[in-house]
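J.: My structure is below; once you've seen it, I'll send some questions.
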């Protein structure tokens, strides 16, 4: 039995009018997105990346911004700190309790007394006292007393050491700075959440991220053009390009690791900052992974060299289809725009969630817990009962504790990233499948791509949501297990080898299941586009077709898809290589591997969208050829196709194409199916659900 059987019928009965599929899953997907939007609103209210990147003073002002929120009872809040991007601590020995202010620059030299502080203010127009303090008071004879220079301000305690900016915080860097003080300052910076630091670096590099993701689209389009015009040698070119790119990115990673390690070993103070140490560790791990992947790719390319010549016919046939349907270039562009908009939205929300905090009152002096003397007659001086005694105990400042209730929403957005990305990919796949199937069976004069898009929006969004959710269902557990395995490996103890082995097995199992389901989904979308059935019945039909033609499937999707996958890797590797060269010397970014990883992943997504065009065209043509061969035998259109090679036949270029069949066809589901059903989709949708 072939892909489809023909079944004679006494009278022609076309299939039912196309109706909506998997409506329940469309409702679930819409509700999920409503939840994402609600979380996004809260993240925009509470999140402020600049508050983490630049820091804030003790009055609630974020440093380096033009407008700040004004709080009642805090007259120094709501200030314009655009020209004051750095945080300065008035007493570096009491970092948790001292007053913080925003300053124009960190001290360029050591300041030892009040007059030197005033001269520095006159020379460099940089004020290291509280905003409302009159600096001319420092010239008074009694200015050197403790009333002006304390951890509560209004001016800093001496000496003020020469400092440099680390994450926009002034940290002593002069030779006279005590080691303990420097360590305490770095410990304070390290106390910021790792997620905050990572997403802060991503926020600072967003123009570079957008630039290189856009560049990945250009690289992918160039690769598509090469697939069309250089079919005879494109397989070799892709393999050579992948080999060069993998070697290049591996060499750059090892060189970056050497430079990072050398700089940390040379300057011991740099080792106090966990971001730089984390950067070194990440580069080291990525360099090892890149080396392993490079070796695997070179071995695979070496063994594929004898089979690459057979792919010319495959890509030539796909190129012929795309040449006759120029509209096929539209779905990848639309998918890229949709993915770019979603990823931009996702990045903004995820950064706001990671930096979410809320204003709170903090007492500066820890004397509010002290009780008043109950026997006031024993006091030498009677207290003034008209004054609130709490004013002598403390005065309040503003701090921003983390909004933990929003931090947990990060997991929902991680699920949303996978599900929505897969949803966009699935929409593209179904549109391409429908357009190619209509072109193969009907050869219409109108635009099959627009027709396929219309049918997707009207009827099949539910099936797309279900198919993408199934992929998510297997991918999320694999990501969680991979994370657990990394933590177990980092803190590996004696006796954990068994757990490590089990995790590896589970990760591999979920990876294999995900790849299998993803491949089955590709073909299920083709059946949905043709027959308008729900996702599960369509997957069953596609599975039967694949099993029946297992040898041909292995040939087409084994070698062809592998070469296309190498092309996606090449685009991602090239963009990752460029991002490393652009970001590794950026002084404002400490954990630069975070944006590098984001750029590489997003570039792979973009390349996957564009290059999956060829993949879907080939898969769809294969299913159509299987049906055509079963229905028409050697007189069908497939006999003139280069795909006949892949079906074990010789193409007949001069064969006369048989007319389109008008008899009822019965697919392997044993349910009636007719070519006429394709024509019925043009009928008014009055019978649709």
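Every residue, even glycine, has its Cβ placed from backbone N, Cα and C.
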J.: Which one of these stretches, 541-561, 562-582, 625-645, shows up in Swiss-Prot as transmembrane segment?
T.: 562-582
J.: Do you know which of 461-481, 482-502, 503-523, 650-670 Swiss-Prot annotates as transmembrane segment?
T.: 461-481
J.: Looking at the ranges 141-163, 164-186, 233-255, which is given as transmembrane segment in Swiss-Prot?
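T.: It is 233-255 that Swiss-Prot describes as transmembrane segment.
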J.: Quick one: pull the CA-CA distance for residue 134 (N-linked glycosylation site) versus residue 279 (N-linked glycosylation site), whole Å only.
T.: 44
J.: Hey, of the glycosylation sites listed (134, 279), which one tops the CB count within 10 A?
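T.: Highest number of other Cβ atoms within 10 Å: 279.
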J.: Tell me, please, if the transmembrane segment (412-432) and the transmembrane segment (233-255) are in contact, taking contact as 3+ Cβ pairs under 8 Å between residues separated by 6 or more positions?
T.: no
J.: Establish whether the number of Cβ pairs under 8 Å between the transmembrane segment (562-582) and the transmembrane segment (461-481) reaches at least three, counting only pairs separated by 6 or more residues.
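T.: Not in contact, no.
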J.: The transmembrane segment (199-219) vs the transmembrane segment (333-353): three or more C-beta pairs under 8 Å (separation of 6 or more)?
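T.: Between the transmembrane segment (333-353) and the transmembrane segment (199-219), which are separate recorded stretches, there is contact, as judged by 3 or more close Cβ pairs.
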J.: Does the structure show the transmembrane segment (233-255) and the transmembrane segment (283-303) touching, where I'm treating 3 or more Cβ pairs under 8 angstroms (sequence separation 6 or more) as a contact?
T.: yes
